[in-house]
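Here the structure is laid out as structure tokens; the discussion comes afterwards.
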Amino acid sequence: MNVSVVLFTADLRLRDHPPLRAAGDASRQVVPLFVRDPAVDRAGFAVPNRMAFLADCLRDLDAGLRERGGRLIVRSGDVVAQVCTVAAEAGAGDIHMASDVSAYAQHREERLRRALEAQGRRLHVHDTVTTVQPPGVVTPASSDHFAVFTPYFRHWERQALRGVLTAPRAVRVPDGIGSEPLPSRGSVTGVSPRLATGGEAEARRRLAAWLRRGIDDYADRQDVLAADGTSRLSPHLHFGTLSPVELVHRAREAGGPGGEAFTRQLAWRDFHRQVLAARPDASTADYRTRHDRWRSGPAAERDLRAWQEGCTGYPLVDAAMRQLRHEGWMHNRGRLLTAFFLTKTLYVDWRAGARHFLDLLVDGDVANNQLNWQWAAGTGTDTRPNRVLNPVLQARRYDPAGAYVRRWVPELARLRPPAVFEPWRLRGTGRAAVDYPDPVVGLAEGLARFKEARARA
Ligand SMILES: Cc1cc2nc3c(=O)[nH]c(=O)nc-3n(C[C@H](O)[C@H](O)[C@H](O)COP(=O)(O)OP(=O)(O)OC[C@H]3O[C@@H](n4cnc5c(N)ncnc54)[C@H](O)[C@@H]3O)c2cc1C
């Protein structure tokens with residue numbers, strides 16, 4: 001056959017793209033296709049921050065293809081019906097795509113395979129496009145996936161790593177294949193004011209800057225909230241404008257404690273993916289139930305709203321929640337702290353927190369989000385499910401000068417340590433001058449409620 005279709009999904013790049021390479025090697029012409037499937041939108045994907053970032057990615061992918069003589073074909077509708085239609089229009093015998101792990105992705109692959117086979121076409125699904133190691137390759141003797149990170153990481157590190165592929169020099173698209181107009185960021189409303197820019201070109205700029213100045217200090221700075229010392233590559237990994245395999249190569253080349261710590265975080269990403277691939281229901285159901293009877297009713301709703309709005313009275317929690325709203329992104333230490341705070345101190349169901357994160361995060365990702373939430377809630381893979389994080393101690397440790405809090409909580413901009421950690425301890429005119437709420441719950445009270453609930457469960 002002379003024509004292949006490449007279905008782009010969470011891999012919106014031209015460099016290090018095994019499906020594109022395989023299609024280009026096997027066929028004279030290639031149809032690069034992206035389908036906007038309403039089923040993905042219905043599942044909660046179509047939130048403004050990710051739609052805006054996606055629009056950037058598609059435009060940049062189209063521009064990259066045009067530089068090579070091609071273009072991106074965009075269609076809307078059921079992904080299976082659209083792929084079959086485009087394949088028939090182009091007379092394509094082979095369809096290439098990346099494997100993925102969610103229940104939706106697994107079902108999509110099965111449906112596509114059946115529908116294409118019924119038309120006499122072949123589906124080729126490529127691993128190591130959206131993950132470094134495919135789920136199911138690094139497994140313990142007794143199970144289909146690792147439930148604990150450390151042994152997973154030991155095995156993961158020892159696996160062979162495939163080489164990085166260059167982008168194709170030319171992409172020839174058959175004539176006469178119609179495309180819908182590309183979406184544009186400008187048409188999306190409700191986007192966070194400081195949302196990052198999407199697209200492979202921007203991803204490469206960020207990566208280059210990160211490798212030049214960033215990765216070497218990563219091990220020391222990754223947890224310092226005000227330092228902003230992490231890569232901020234997560235949206236690019238989520239949309240696939242960067243290849244995780246390439247990032248591991250680059251991190252190993254960089255070496256040192258920074259390169260090692262960064263590689264470890266990339267392994268966490270694969271770890272959650274292999275859990276979700278084996279247990280797709282973990283996107284909504286407890287991975288390991290603790291028989292929680294989460295709080296509900298007006299008081300719990302009020303606490304959830306205070307948390308969402310960044311008005312809990314705990315400065316570090318509030319700073320992180322406000323960063324989320326403003327940037328569509330939050331520092332990992334902030335994500336951990338706010339998730340522990342909601343599920344343990346406030347004892348509110350992790351699903352409510354995960355939903356709020358997915359509504360705003362530009363990197364909002366079923367595997368990473370839901371399983372990190374479960375980790376924090378103690379219903380996931382944390383080996384110490386009942387541990388709690390104290391937001392005051394966390395602030396003293398990870399924001400010792402209070403700079404992160406002052407950046408995001410302007411009401412506290414004039415406070416210095418120790419008042420910036422515990423503004424409720426201010427007295428008299430000092431307290432009156434600060435327009436900031438008292439804590440929604442005392443830490444001792446929250447802890448006692450959580451312990452009692454888990455003891456009962
Ligand atoms: C409650 C909670 C929810 C989260 N939701 C998401 C989400 O929806 N999408 C998402 O990509 N990450 C999520 N994370 C993981 C992590 O917080 C982000 O990946 C990280 O903050 C992104 O910033 P960065 O790119 O600067 O990370 P860096 O520190 O530079 O790390 C590099 C990359 O490693 C991966 N990584 C880092 N930490 C983790 C981790 N704990 N688990 C899995 N992968 C990791 C990410 O792909 C990240 O881009 C969540 C963490 C928590 C605690």
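Cβ atoms are placed via backbone N, Cα and C, with glycine included.
If you look up TrEMBL, you'll see 2-131 marked as domain 'Photolyase/cryptochrome alpha/beta'.
The region 'Disordered' feature in TrEMBL is assigned to 176-197. Beyond the ends of the region 'Disordered' (176-197), by six or more residues, the same chain brings 31, 36, 48-49, 51-56, 58-59, 62, 71-76, 86, 89-90, 232, 235, 325-329, 360, 362 to within a C-beta distance below 8 angstroms of the stretch.
Per TrEMBL, FAD binding site is recorded for Y218, T230, S231, R232, L233, S234, F262, D363, G364, D365. Secondary structure from DSSP puts Y218 (FAD binding site) in a helix.
Residues annotated as site 'Electron transfer via tryptophanyl radical' in TrEMBL: W294 (among others). DSSP assigns W294 (site 'Electron transfer via tryptophanyl radical') to coil in the three-state reduction, outside any helix or strand. Listed in sequence order, A300, Y347, V348, D349 are the same-chain residues at least 6 apart in sequence whose CB falls under 8 Å from the CB of W294 (site 'Electron transfer via tryptophanyl radical').
The site 'Electron transfer via tryptophanyl radical' annotation in TrEMBL covers W350 (among others). Within 10 Å of the Cβ of W350 (site 'Electron transfer via tryptophanyl radical') there are 24 other Cβ atoms, across all protein chains.
Positions annotated as site 'Electron transfer via tryptophanyl radical' by TrEMBL: W373 (among others). Residue density at W373 (site 'Electron transfer via tryptophanyl radical'): 24 other Cβ atoms are found within 10 A of its Cβ, drawing on all protein chains shown.
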Measuring Cα to Cα, tell me the gap between W373 (site 'Electron transfer via tryptophanyl radical') and F262 (FAD binding site) in whole angstrom. 21
Averaged pLDDT score, the domain 'Photolyase/cryptochrome alpha/beta' (2-131): 96
Just checking, which of Y218, F262 (binding-site residues) has the fewest C-beta atoms within 10 Å of its C-beta? Y218
Which recorded positions from the set Y218, S231, W294, W350, G364, W373 come near ligand 1, judged by a Cβ under 6 Å from any of its atoms? S231, G364, W373
The domain 'Photolyase/cryptochrome alpha/beta' (2-131) - residue tally per DSSP class, helix then strand then coil: 65 helix, 28 strand, 37 coil
Does anything in the same chain, at least 6 positions from S231 (FAD binding site), have a Cβ under 8 Å from its Cβ, and if so what? R206, L207, W210, G214, I215, Y218, F262
Could you list the residues of the same chain, at least six apart in sequence, whose Cβ is under 8 A from the Cβ of G364 (FAD binding site)? V47, N49, R50, H238, F357, L358
Just counting, how many other CB atoms are there within 10 A of the CB of L233 (FAD binding site)? 22
